[in-house]
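Here is the structure we will look at, set down as structure tokens.
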Amino acid sequence: MRIAVLTGAGISAESGLATFRAVDGLWESHRIEDVATPEGFAADPALVHRFYNMRRANAAAARPNAAHLALADLARRHDLTLVTQNVDDLHERAGSPAVIHMHGTLNGALCAACGHRWAAPAVMAPGDPCPACARPATRPDIVWFGEMPYGLDRIWEALETADLFAAIGTSGNVYPAAGFAQHARRRGAECLELNLEASANARDFHRRIVGPASRTVPEWVASLG
Ligand code: BJW
């Protein structure tokens, strides 16, 4: 069976990482336009670096939970494409191979001038020089609003050939990820959502399993045999 899984901030919530749109989430204390757009970075790079330095430190201190571990186990038993919108590395640290980080990663740095990529230091600051071209144009390797997500060719292909698509812990507010269920469903996949509540695109799923990911994901993975 071919399975495509999309994960969002909800899968890392029980590892202690804040989601975006919850009442106490990241967008309560930070304006999206200020910290998650290229325009925000151009206006105040120090603020944006502080935001991602803080998130990088939180992610480094967090540990994978039972949901991350169950998806790593699923990859050992099925043909799985694992796509995450998350910028933490908890899937990798749980043992998942070949995770597609469509919104980038906190552990990556990107030169806005020459496109070079390298491992991010724990703390990044405005004016840090690019190791390849030496220009002071380093930024976090994160996909902000208005930018093209990574890995889309591989993702569309996986959605088109999947027998089963599951979205875990994502609110369905951000495109193109919010359109994946509709795309997979039209190509014949069974679509399943695992969340604490119905997402914004709940109508695109055949079925929903309600509850915390650390319980529902291991139970769902076990049910697949
Ligand atoms: C639990 C749980 C537990 C809690 N167990 N569950 C108008 C219409 C359509 C599209 C657009 C439009 N105007 C602009 C756009 C495009 C735009 C967009 O979608 N905007 C919307 C706001 C409308 N998208 C883009 O710009 C994207 N690029 C793009 O479109 O390129 C052009 C293109 C064209 C054609 C094809 C393809 C591309 C880029 C989007 C970049 C998003 N970046 C961010 C920030 C950077 C990463 C970071 O800092 O971490 O990514 S935004 C933020 O939202 C972050 C997340 O990855 C993303 C999704 O959030 P997520 O994961 O769903 O989190 P929450 O908090 O929303 O939800 C958590 C869920 O978990 C909830 O449902 C809870 O119930 C649940 N939960 N605890 C299970 N224990």
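FYI, residue positions are counted from 1 along the chain as it appears here.
Here the Cβ of each residue, glycine as well, is placed from N, Cα and C on the backbone.
Where the annotation comes from TrEMBL, it is an automatic prediction and has not been curated.
Keep in mind that this is a model prediction, so the values were computed, not measured.
The active site, proton acceptor annotation in TrEMBL covers His103. Counting only residues at least six positions away in the same chain, the Cβ atoms of Thr84, Gln85, Asn86, Val87, Ile142, Val143, Pro149, Tyr150 sit under 8 Å from the Cβ of His103 (active site, proton acceptor). Classification of His103 (active site, proton acceptor) by DSSP places it in coil, neither helical nor stranded.
Other Cβ atoms within 10 Å of the Cβ of Gly16 (NAD(+) binding site), summed over all protein chains shown, number 12. Under DSSP, Gly16 (NAD(+) binding site) is assigned to coil, being neither helix nor strand in the three-state scheme. As annotated by TrEMBL, NAD(+) binding site applies to 8-27, 85-88, 169-171, 195-197, Ala213.
Residues or ranges marked as substrate binding site by TrEMBL: Tyr52, Arg55. Listed in sequence order, Leu106, Met124, Pro140, Ile142 are the same-chain residues six or more apart from Tyr52 (substrate binding site) with CB atoms under 8 A from its CB.
What TrEMBL lists as Zn(2+) binding site is Cys111, Cys114, Cys130, Cys133. Take the CB of Cys133 (Zn(2+) binding site) and look out to 10 A: across all protein chains shown you find 12 other CB atoms.
Among the features that TrEMBL reports, domain 'Deacetylase sirtuin-type' is placed at 1-225.
DSSP assigns Cys111 (Zn(2+) binding site) to a strand segment in the three-state reduction.
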